[in-house]
C-alpha cells in the first residue's frame, strides 16, 4: 500500500472520529434533557454549537478568499474546489468540515484508486499539491474544532463523572470519542504543518510521531484532570479559566499575528488561540519558543501539583478516597511522562531544518493561500 493510499484511508478514520465525537455529544445532550438536567444539556449543546459556528466562519472565509484570489482563480471562475459562491450558503448550516472532507475524499479517490490516464509528472504534482492544500485547511479547521468542542466537552463530562457520580455508557463514549478526536487532530495538524514547510524535514512516522502524540496527550490529559478537580472544589474555577483564556488571548494579540486576511477574523483567530493555550502550548508565530514553552510548562506543573493538593487539604474526608488517589496518580504520572516525552522529542526526534535545494525555487510565486495560512503560524 502506497503512502498516498494510506493517507486516504486515514482520512476516512478522521471522518469517523469527527462524526462519532459530534454524534455522542448530541445523544448525550438529549439524554440530559430527558433527565431534566438542563444545565448539563445547555453546556453540552453550547460547546457543540461554538465548535461548529467558529469552524464554519473560518471555512466560509477561506473559500471566499480562494474564490477571489487571482493566483488561485486567475480566470475568475464562479467556483473553486467544486464550491460556487451561492454554494457557500451550505457552510452556514454547519457543513463546512463535512464539505471539505467530501471533496478531499472524492478527489483523493480519483488519484489513489483509479488508473492514471497518462498524465505527466507536472500534472500529477499539481493534483497532489491541490489535495494537500485541501487537507491542510481541513487539518487547521479540525484543530480549531478540537479545542473549541472536544477538549471543553471532555472537561465538562469528566467534571460531571467525578464531581456528581453520574456515570452512563453514553458519557463514557463521549469522553472516549473526545479523547481520540483530540489525539487525531493534534497529530494530523502537526504532520500537515511539517509537510507544508520545505525548509523543515517532514515529521517521520513511527517513534517521532508516537513520542509527539504521547507528549501532547499526557500533558493535555493531566491538565484537564487538574481543571476537573479544581472545578469540583469550587465552581468559581470557571472564572479563573476565563481569566486564563483572556490572558492567553491578550498575549497572542501582543504578538501581532497575521493569520487572516480580515481584521475581525484575525481577532477571532487570536481568541481561538487563547482557548488552545488554555489546554496546551501552541507556537503562535514560529519564533524561538524555548522561554515561552518553559514558562508555560512551569505554570502547567504548578497547576498539576496544586489541584490534588488543594483537594486533599480542603476536603480531608477524601484523602483516603480511591477516586482521589487514582486521579492524583494519573495527574502525576501523565505530567511526568508528558514532560519526559516533550524533552526527548525536541532534543532527539524533532525534525531539523534542511538546506534549500535549487529546484525548490519552482514553487515560489505560486504558493496557495492554504499553504500561506499554515505557514503564517511559523513566520517570525
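One-based numbering along the chain as shown.
The backbone N, Cα and C atoms fix where each Cβ goes, and this holds for glycine too.
Feature annotation from TrEMBL assigns transmembrane segment to 6-26 (among others).
Residues annotated as transmembrane segment in TrEMBL: 38-63 (among others).
If you look up TrEMBL, you'll see 235-255 (among others) marked as transmembrane segment. Residues 227, 267, 270-271, 273-275, 277-278, 284-285 of the same chain lie 6+ residues outside the transmembrane segment (235-255) yet bring a C-beta within less than 8 angstroms of a C-beta in it.
The transmembrane segment feature in TrEMBL is assigned to 267-284 (among others). For the transmembrane segment (267-284), the list of distant contacts is 54, 57-58, 143-144, 147-148, 151-152, 216, 219-220, 223-224, 241, 244-253, 255, 257, 259-260, 292-293, 296-297, 377-378: same-chain residues at least six beyond its ends, Cβ to Cβ under 8 Å.
Residues annotated as transmembrane segment in TrEMBL: 296-314 (among others). When Cβ-Cβ distances below 8 Å are used as the criterion, the transmembrane segment (296-314) is approached by residues 219, 222-223, 225-227, 229-230, 232-233, 277, 281, 324, 327-328, 331-332, 335, 339, 342 of the same chain, each at least six residues removed from its ends.
Positions annotated as transmembrane segment by TrEMBL: 323-347 (among others). Panel annotation: around the transmembrane segment (323-347), residues 162, 208, 211-212, 214-219, 221-222, 225-226, 228-229, 297, 300-301, 304, 307-308, 311-312 of the same chain, lying at least six beyond its termini, place a Cβ under 8 Å from a Cβ of the stretch.
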